[in-house]
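Worksheet: the structure to be examined is printed underneath.
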């Protein structure tokens, strides 16, 4: 995209920025509602091991196969063929493009806390006309920024990441100072937490519920790998991924655990979100809410920028290999894939319109598309394991690939088979795009035997998914 490459600090900031969006500000309440301190520790330990090994998978592959670009797309294509590479790219792009709209919605909902009154609704839940206009302006401002060059956009993101991390570190510092160990251990076992069937939640129930929350908070781990061809040094890809994961994990763990030493778990569980605002207010007064709300707005906007870079890169790389239409290869004078960026921004604009006009329908689309990002993670772990076994590499590569694959299988299962099945309906239009692009690129369809089976399975699975929707 650009002749000026991205350094380690900017790559690390991209990884952190894409993982830390809006969820971290609601995490204390989300966790307190389902688990006591003991279950939190166990849940984070298991999640931490899984996500670190997934991060190490990206680092290992960046070292073993430095010629592969695009991260989730490049690894899926190299390991499992053109069709699986495309499905990984299509699912990733669709999830990214639909998902980042939520960042703009959250930003204007947060802004509404400063402007809205009971009798004056300006931004509301981020779905009013004024929210639509404001979010549209930001989408096109980001479009203009990215069109000027990837390094420039990454530099802006680095500054924004520093700005949004500072209040998080302030929260952690104050929480350490005000931490009450007696309060933390008072609800060690999560007394009073009940399951969906109104039974007391066991330790296993609580741990599982924490992991159902944590499986979403690390999406974006692949950021440095997706932009691999823009790195100053290929070795920076693995370093940025691991550093970003460790920093983010430590902040997540610190914020959720320390919170239960500031206020009683049951009280945090009943807080409105973003719950970090209420906890910080208890430590530093009303300025706490203002600071967290400001940080939330900066956070989601910087995350929007990061994910826009990823959403622009993937179709461009796919088009160079003939799995996306040739128009996605077009570059502007700044070596940015302009058509890919434009197409992504137009899709965001359409989704913003859906948020404004339909609300609930968009929420369903968001839930379905979000599950699509988990399949690329499974293919990354699977590719490392397959490559390590085929080439009889050192046992540590097999271990990393094996644990990463097992963790990816778990998060795919935990995310819900229902939404995964419904995502087939979003994959099918992509299949038509793949067949068109391949015919255009090669002059004919070129499918391997197992790829034909995969296509047949997608069509078969689409039937019950479609029937479920119309019923």
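Numbers here mean position along the shown chain, with the first residue as 1.
Glycine too: its Cβ is placed from the backbone N, Cα and C atoms.
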According to TrEMBL, transmembrane segment applies to one of these ranges: 158-179, 180-201. Which one is it?
158-179
Please check if the transmembrane segment (42-64) comes into contact with the transmembrane segment (128-146), where contact means 3 or more CB pairs closer than 8 Å and the residues in each pair are separated by 6 or more positions.
no
Please figure out which one of 85-108, 210-228, 240-263, 290-310, 365-385 racks up the most CB pairs under 8 Å against the transmembrane segment (339-359).
85-108
Cβ pairs under 8 Å only, please: of the recorded stretches 85-108, 128-146, 419-437, which one is richest in them relative to the transmembrane segment (365-385)?
85-108
May I ask you to check whether the transmembrane segment (85-108) and the transmembrane segment (240-263) make contact, with contact taken as at least three Cβ pairs under 8 Å and only pairs 6 or more apart in sequence counted?
no
Taking the transmembrane segment (128-146) as reference, which of 210-228, 240-263, 290-310, 419-437 has the most Cβ pairs under 8 angstroms?
290-310
